[in-house]
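Participant: Copied straight from TrEMBL:
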- 51-73: transmembrane segment (TRANSMEM)
- 85-103: transmembrane segment (TRANSMEM)
- 118-139: transmembrane segment (TRANSMEM)
- 151-167: transmembrane segment (TRANSMEM)
- 179-201: transmembrane segment (TRANSMEM)
- 213-232: transmembrane segment (TRANSMEM)
- 252-272: transmembrane segment (TRANSMEM)
- 279-296: transmembrane segment (TRANSMEM)
- 302-320: transmembrane segment (TRANSMEM)
Amino acid sequence: MAASAAQAERQKIPNPKLRNPSTKIWVYLVLLTLQYGAQPLLSKRFIRREVIVTSSVLACEVAKVICALILLAREGSLKRLCKEWTLLGSLTASGLPAAIYALQNSLLQISYKNLDSLTFSILNQTKLFFTALFTFFILGQKQSVRQTGALVLLIIAAVLLSVGEGSSKGSGGSTSDQVLFHGIVPVLVASVLSGLASSLCQWAVQVKKHTSYLMTVEMSIVGSLCLLASTFKSPDGEAIRKYGFFHGWTPYTMVPVISNAIGGILVGLVTAHAGGVRKGFVIVSALLVTALLQFVFDGKPPSPYCLVALPLVISSISIYQKYPYTSKKKD
């Protein structure tokens with residue numbers, strides 16, 4: 001009787017592994033979709049052109065560290081990770097990706113200011129192609145025939161946007177050369193770097209078994225140190241010494257900075273708990289969110305180039321996520 005009663009009680013108690021994680025995953029997915037979609041618009045609206053790029057990137061990295069440490073302390077693993085942490089292990093797992101991401105973030109900040117929000121978001125999706133390329137060389141992950149076709153669609157969309165936007169005017173009265181060299185080129189280079197860093201992070205998670213929060217802390221610290229070192233010779237460093245770290249900042253500048261930091265945390269959570277398939281749906285949904293927000297707040301309908309490229313990008317990412325490579329087993 002006692003055993004039956006205990007079994008009945010266990011059946012009444014919901015399994016947290018079945019319910020709570022599912023709810024959390026959907027919360028992460030919705031939040032990341034909104035963050036991805038709104039980030040270009042927030043950066044254009046609240047980060048003035050006078051703001052020094054390095055200062056906003058450093059502020060974002062500091063915000064990431066604070067958020068990740070708070071979350072680690074909340075889940076009770078901070079003390080254990082501090083005892084197990086080693087400098088060599090941290091540099092091996094996070095050092096190179098962190099330096100790459102630091103450069104990528106600087107390029108993205110430049111691109112934000114010279115492209116409209118939707119064009120930026122679509123060009124930024126070319127990182128999927130470079131991620132696939134680098135995961136093949138670094139991790140040996142192959143692509144299916146349909147995935148290869150999806151990547152071709154993605155490149156066609158990127159080329160279409162590059163030619164179209166490069167021959168027209170950018171947002172804010174930018175010239176065609178400024179749009180090309182300070183908008184399109186930086187975001188494409190950032191996509192290459194993103195693919196490389198993402199593959200290295202995947203390798204680190206598989207080999208080093210790092211948690212997403214710990215990776216965020218380590219990469220943000222190493223990336224910040226790389227940026228600080230670059231200020232000794234870079235134009236941004238001279239500008240900081242001349243005008244001050246917070247030159248051009250307003251209280252609203254913290255909005256995109258904090259949003260970007262939260263996005264970095266959410267990317268790790270979605271990848272860890274939801275996997276790449278659902279993250280692909282997040283990317284597609286974010287493009288639609290960007291187009292909607294740009295039309296609502298800026299009153300600017302998508303350009304003809306965006307209207308042609310947007311369905312190509314959506315189709316490409318959807319096909320890529322839906323038809324993964326499966327190895328053929330020999331009898």
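Backbone N, Cα and C atoms are what each Cβ position is placed from, and that goes for glycine too.
Automatic prediction, not curation, is the source of TrEMBL annotations.
What you are looking at is a predicted structure, and each value in this text was computed from that prediction instead of being measured.
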Participant: Do the transmembrane segment (179-201) and the transmembrane segment (85-103) come close, with at least three CB pairs under 8 A (pairs 6 or more apart in sequence)?
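Facilitator: Contact between the transmembrane segment (179-201) and the transmembrane segment (85-103): present.
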Participant: Six or more residues out from either end of the transmembrane segment (213-232), which same-chain residues have a Cβ under 8 Å from its Cβ atoms?
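Facilitator: 54, 57-58, 61-62, 64-65, 67-69, 71-72, 81, 85, 90-91, 93-95, 97-99, 101-103, 105-106, 201, 204-205, 240, 264-265, 268.
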Participant: Six or more residues out from either end of the transmembrane segment (51-73), which same-chain residues have a Cβ under 8 Å from its Cβ atoms?
Facilitator: 81, 102, 105-106, 109-110, 213-214, 216-217, 220-221, 223-224, 227-228, 230-231, 234, 236-237, 239-240, 243, 245-249, 253-254, 256-258, 260-262, 264-265
Participant: Could you check whether the transmembrane segment (302-320) and the transmembrane segment (85-103) come into contact, where contact means at least 3 Cβ pairs under 8 Å with the two residues of each pair 6 or more apart in sequence?
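Facilitator: Contact between the transmembrane segment (85-103) and the transmembrane segment (302-320): absent, because fewer than 3 Cβ pairs are under 8 Å.
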Participant: Should anything in the same chain at least six residues away from the transmembrane segment (118-139) have a Cβ under 8 Å from its Cβ atoms, list it; otherwise answer none.
Facilitator: 36-37, 40, 108, 111-112, 147, 151, 154-155, 157-158, 161-162, 165, 183-184, 187-188, 190-192, 194-196, 198-200, 202-203, 206, 283, 286-287, 290-291, 294, 302-303, 305-306, 309-310, 313, 316-317, 320
Participant: Give residue numbers and ranges for long-range contacts of the transmembrane segment (85-103): same chain, 6 or more residues beyond its ends, CB-CB under 8 A.
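Facilitator: Cβ under 8 Å, 6 or more out: 57, 61, 193-194, 196-197, 200-201, 204, 207-208, 210, 214-215, 218-224, 226-227.
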Participant: Would you kindly list the residues that approach the transmembrane segment (252-272) from elsewhere in its chain, counting only those six or more residues past its ends and only Cβ-Cβ distances under 8 Å?
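Facilitator: Answer is 25, 28-29, 31-32, 35-36, 38-39, 42-43, 46-48, 51, 56, 59-61, 63-64, 67-68, 71, 211-213, 215-216, 220, 278-279, 282.
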